[in-house]
Amino acid sequence: MAPNFPPIEEALPLHHDLFYDGKWQTPITDSRRETLNPSTGQVIGKIADASTTDVDKAVEAAHKAFLSWKKTTMAERQGYMRRAAAILREHAAELALVESYNTGNPVAAMVIDAERAANALDYFAGLIPMLRGEVLPGPFPTEDYLHYTVREPMGVVARFVASNHPFMFAGARMASVIAGGNTVIIKPPEQAPLSCLRLAELLENVFPPGVVNILPGGAECGQALTCHPLVRKVSLIGSVATGKIIMRNAGSLMKQTSMELGGKNALIAFPDADIDHLVRSVAAGMNFTWAGQSCGSTSRVFLHDSIHDEVLARVVEVVRKGFRPGLATDPTTTMGSLISKAAQDRVLNYIASAREEGARLVTGGGMFDDLAGTPVEGGFFVQPTIFADVTPDMKIAREEIFGPVMSVLRWSDESELIRIVNSTNYGLTGSIFTKDLATAQRMIRQVEAGFVWVNDVCKHFLNVPYGGIKDSGIGRDECIDELFAYTNIKSVNINLGGATHLGSRLSQAGQISNT
């Protein structure tokens, strides 16, 4: 059954301020920034812009809350998180509507995001009992010493979420942090903060004050969070450029980071692939629904010479028929806009460079698609675009575009294929299409990526680690490793008595030191 979407006026957040310490707070300087509807380019309103002083106050509140939150029992923490999950499911339609209104993503495709965020909250609530240490054997009899470890929360964690699925990332990525006994400050994307503010309204009375905080803002807010001494870890879903800035700042303070960054992901098709399934997957893997704005998009498609022409022609047909750009809040829209005018200009510049470098434009290439219906005037739309005859040296084959542009490359030699696939600085995902298990296993071992699909694209599975290598990131999400990443391990040694005579013996054996 189709969701019952409320009028947009009823779904939008009432508050446009900062949310911390369990209250809505006016920025110290009352600084505001405009936020837009990308489908139309029109201003929705002005949102609070957190300053360094605001960040200081929010971090102090989060740290104060941490001192109590870390002492909550497993059952208490699970109760808070499961209540939050239930609220997200209850308000899925309105969250999707706000999200689409402020991101340009089609509302019909965004409803599932509330379920994904709620599932993550339930999942990590269930993993809280795994926050246990180990009893470890030492080099000498156990009657002399007891060795064990404990896992402890880190403190205040800052999580920066991306503009393609803001409230989903906010809800899902806070889960591991608070499950681990930490408090969290979420920085929404500056282009699209509204769904995160609505999320704060929904959770305002769920968690104790200061446990979950949401600070909209720009570069000053991000810099202040990264460099604040009481913020123990910083996590980003975003661009490589932003990730490197955060890592430099955090590294100077010996602060831990977790990064899910960009991708230039390869879809590799062998001659024996199921052609019908391959065609559908190539079209789906580019994530044209949200205008290609996904770090996991399979934007480089490597088609074997023997199937290249047939697959390319059929993919073009599917894309032309399957993606109808339009107003994001219209449930019949199947392709959204880009997030901003700057993003639209960037994508169009990549399209221009591809033409200049000799790639063959097969479909798209402009700001809207007459075959699929003209989007709303003023929106930041770009047609679903496919280039063929792409060579590895072209910009569109090497750099992440983060837009609806697919590069199709022809291949025949497997060793050369692998060299080209691995020639970028990215390593997030890869897809391999073949019916032969030996071929799949051979390619899995050779493709440089943190996550590889075989005969599939773009799917995430809770409890299966997701993340990249090389410039695509550090750390793994959506699994128990994500939970552990927001804890510290403390090692404990207890002298059980009567073991003082061991000191000289152990020192002589080189098995202890006094450093």
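Cβ atoms here come from the backbone N, Cα and C positions, even for glycine.
Close to Glu260 (active site, proton acceptor) in the fold, though at least 6 residues off in sequence, lie Leu236, Ile237, Gly238, Cys295, Tyr466, Gly467, Gly468, Ser472, Gly473, Gly475, Asp477, each with a CB less than 8 Å from its CB. If you look up Swiss-Prot, you'll see Glu260 marked as active site, proton acceptor, on the strength of similarity to another entry.
When other Cβ atoms within 10 Å of the Cβ of Cys295 (active site, nucleophile) are tallied across all protein chains shown, the result is 25. According to Swiss-Prot, the active site, nucleophile annotation covers Cys295.
Around Ala241 (NAD(+) binding site), no same-chain residue at least 6 positions away in sequence has a Cβ under 8 Å from its Cβ. What Swiss-Prot records for Gly238, Ser239, Val240, Ala241, Thr242, Gly243 is NAD(+) binding site.
Highest local Cβ density among the binding-site residues Ser239, Thr242 belongs to Thr242, counted as other Cβ atoms within 10 Å over all protein chains shown. Same-chain residues at least 6 positions away in sequence with a Cβ under 8 Å from that of Val240 (NAD(+) binding site) are, in sequence order, Leu261, Gly262, Glu400, Asn425, Asp471, Ser472. Of the listed binding-site residues, namely Gly238, Gly243, the sparsest CB environment within 10 A is found at Gly238. For the recorded site, Thr242 (NAD(+) binding site), the DSSP three-state label reads helix. Take the mean position of the Cβ atoms of Gly238, Ser239, Val240, Ala241, Thr242, Gly243, the recorded NAD(+) site; other residues of that chain with a Cβ within 8 Å of it are Leu236, Lys244, Ile245, Ile246, Leu261, Gly262.
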